[in-house]
């Protein structure tokens with residue numbers, strides 16, 4: 001599976017590689033390894049293409065909407081410029097078409113020789129200045145106890161993700177910490193949460209083909225994979241890119257600052273012992289991270305034997321993932337109580353869910369129609385949404401499709417469905433930046449509602465006597481209190497947290513210790529949503545947009 005729509009340096013002719021790197025360094029005026037919009041407009045202007053053509057070149061090259069071009073994206077842009085100069089229409093399908101991108105000639109850039117010669121002259125002057133020996137200045141040493149603390153300058157915002165990090169630290173995080181959002185909803189975000197690659201989680205009952213699906217996607221086994229008819233995957237396995245093939249225990253993963261799994265420590269050692277990371281070098285894993293989960297059990301007794309909060313872990317991963325695949329087997333369409341709880345825990349992430357009816361070639365066409373109808377009926381009782389969920393039908397493994405059972409029409413259907421699902425997965429890295437913005441805005445709104453609820457409960461507490469009775473009354477009538485908050489601040493009912501979950505967490509706190517409403521904090525988040533984020537998106541949009 002190819003997930004990248006850009007062209008790597010290794011896919012160019014050797015004589016072109018050095019030239020592209022030289023051009024990239026010229027275009028990258030500040031030397032930060034990124035060609036920003038302003039840099040690109042100056043450099044691309046030498047191609048003499050129209051503004052509309054260059055707008056399309058940028059849109060295709062910056063497929064992930066990062067707001068800048070790295071070396072791979074820059075090479076893609078240069079090849080697209082060359083094709084546009086030859087008269088080709090620039091579309092995203094051009095990279096997937098019949099054109100051999102490796103043999104595309106260098107684009108014609110008028111005036112580039114002058115720019116190269118000027119840069120060489122300036123570099124020579126800098127080297128001469130560096131070779132001049134200057135006498136080092138002696139500065140008076142200040143005792144450490146008299147030195148003033150130095151305020152570090154703010155890091156320049158060079159990507160949309162950098163901007164979101166700054167907005168979170170300056171405006172959203174203070175509100176979350178003040179009103180204990182990390183305890184009631186989601187842990188505090190770290191830098192690694194923003195920088196993480198997009199994730200795809202696979203859910204399903206045992207032996208529905210989750211691990212086999214990942215193997216089929218990668219085209220090979222991955223470390224720690226176990227496949228069989230019995231419940232084989234007994235742990236959460238995160239398959240991600242790494243320099244070599246190895247598995248990393250969950251406790252180690254949870255404490256690594258550069259990994260987005262610090263929040264899993266709240267589920268305790270019992271869960272972390274059932275969590276591991278599988279690393280291997282692979283082009284697919286360079287773009288996305290895959291999360292394999294234990295098979296959902298059918299019996300209540302087996303569920304009670306789990307030593308950790310299974311649905312809580314699923315809910316945590318669901319909030320972090322970009323796509324959730326629910327896998328079903330034609331012979332196991334019944335949705336158990338635990339599976340129902342798991343699907344319910346995905347509340348708020350319905351837009352990420354895709355349903356896969358796997359192993360569909362094990363039944364004939366007539367049975368498949370009945371199975372499909374039964375599956376939709378079962379899902380309709382669990383997924384409380386009026387929209388029809390997307391269902392992919394196929395047999396996602398390395399074996400050839402059983403044409404005897406499904407016939408030639410079924411074979412063609414399965415191939416089209418598989419291509420559609422792979423295309424959906426290919427879009428995940430492209431939409432990752434948009435998804436981060438979407439999740440950030442969703443989180444900000446949830447944090448605001450959490451602050452309104454906490455401050456309202458604080459306001460309902462008596463000043464002196466009867467505090468314990470008042471707290472119990474508020475907890476018993478929590479749904480009614482939510483309604484008061486909704487009416488007072490004109491909030492949508494669908495954005496409020498689960499009453500049962502909130503009541504459960506609230507039982508461990510003293511409401512009287514909560515903070516009163518701080519309008520300045522709320523206003524800061526409103527300004528962030530109304531002004532800062534739109535300005536950030538405007539700054540890193542296509543530089544050729546009017």
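Even glycines carry a Cβ here, placed using N, Cα and C.
Per Swiss-Prot, the features are as follows:
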DOMAIN    16-94  domain 'EH'
BINDING   28, 30, 32, 34, 39  Ca(2+) 1 binding site
BINDING   62, 73  Ca(2+) 2 binding site
BINDING   204-211, 292-296, 359, 395-398  GTP binding site
REGION    204-211  region 'G1 motif'
REGION    358-361  region 'G4 motif'
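All features noted in Swiss-Prot, drawn onto the structure.
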residue: 28; record: Ca(2+) 1 binding site; contacts (Cβ under 8 Å, 6+ apart): 34, 35, 39
residue: 30; record: Ca(2+) 1 binding site; contacts (Cβ under 8 Å, 6+ apart): 39
residue: 32; record: Ca(2+) 1 binding site; contacts (Cβ under 8 Å, 6+ apart): 158
residue: 62; record: Ca(2+) 2 binding site; contacts (Cβ under 8 Å, 6+ apart): 68, 69, 73, 542
residue: 296; record: GTP binding site; contacts (Cβ under 8 Å, 6+ apart): 203, 204, 205, 206, 336, 338, 339, 342
residue: 396; record: GTP binding site; contacts (Cβ under 8 Å, 6+ apart): 209, 212, 213, 216, 217, 356, 358, 418, 421
When DSSP states are grouped into helix, strand and coil, how many residues of the domain 'EH' (16-94) land in each?
52 helix, 2 strand, 25 coil
Measure the Cβ-based neighbour count of residue 207 (GTP binding site), defined as the other Cβ atoms within 10 Å of its Cβ.
21
Under the DSSP assignment, what numbers of helix, strand and coil residues are found in the region 'G1 motif' (204-211)?
2 helix, 2 strand, 4 coil
For the binding-site residues 39, 73, which Cβ has the most other Cβ atoms within 10 Å, all shown protein chains included?
73
Per DSSP, what is the helix/strand/coil residue tally across the region 'G4 motif' (358-361)?
2 helix, 0 strand, 2 coil
Write out, in the order they occur in the sequence, the residues of the chain not among 28, 30, 32, 34, 39 that have a C-beta within 8 Å of the mean position of the C-beta atoms of the recorded Ca(2+) 1 site.
27, 29, 31, 33, 35, 36, 68, 158
Could you pull the average pLDDT for the region 'G1 motif' (204-211)?
86
Those binding-site residues listed as 34, 210, and which of them has the most Cβ atoms within 10 Å of its own Cβ:
210
Coarse DSSP state, helix versus strand versus coil, of residue 296 (GTP binding site):
strand
Provide the number of Cβ atoms within 10 Å of the Cβ of residue 204 (GTP binding site), excluding the reference atom itself.
23
Validating a neighbour-count step here. Other CB atoms within 10 A of the CB of residue 293 (GTP binding site): how many?
21
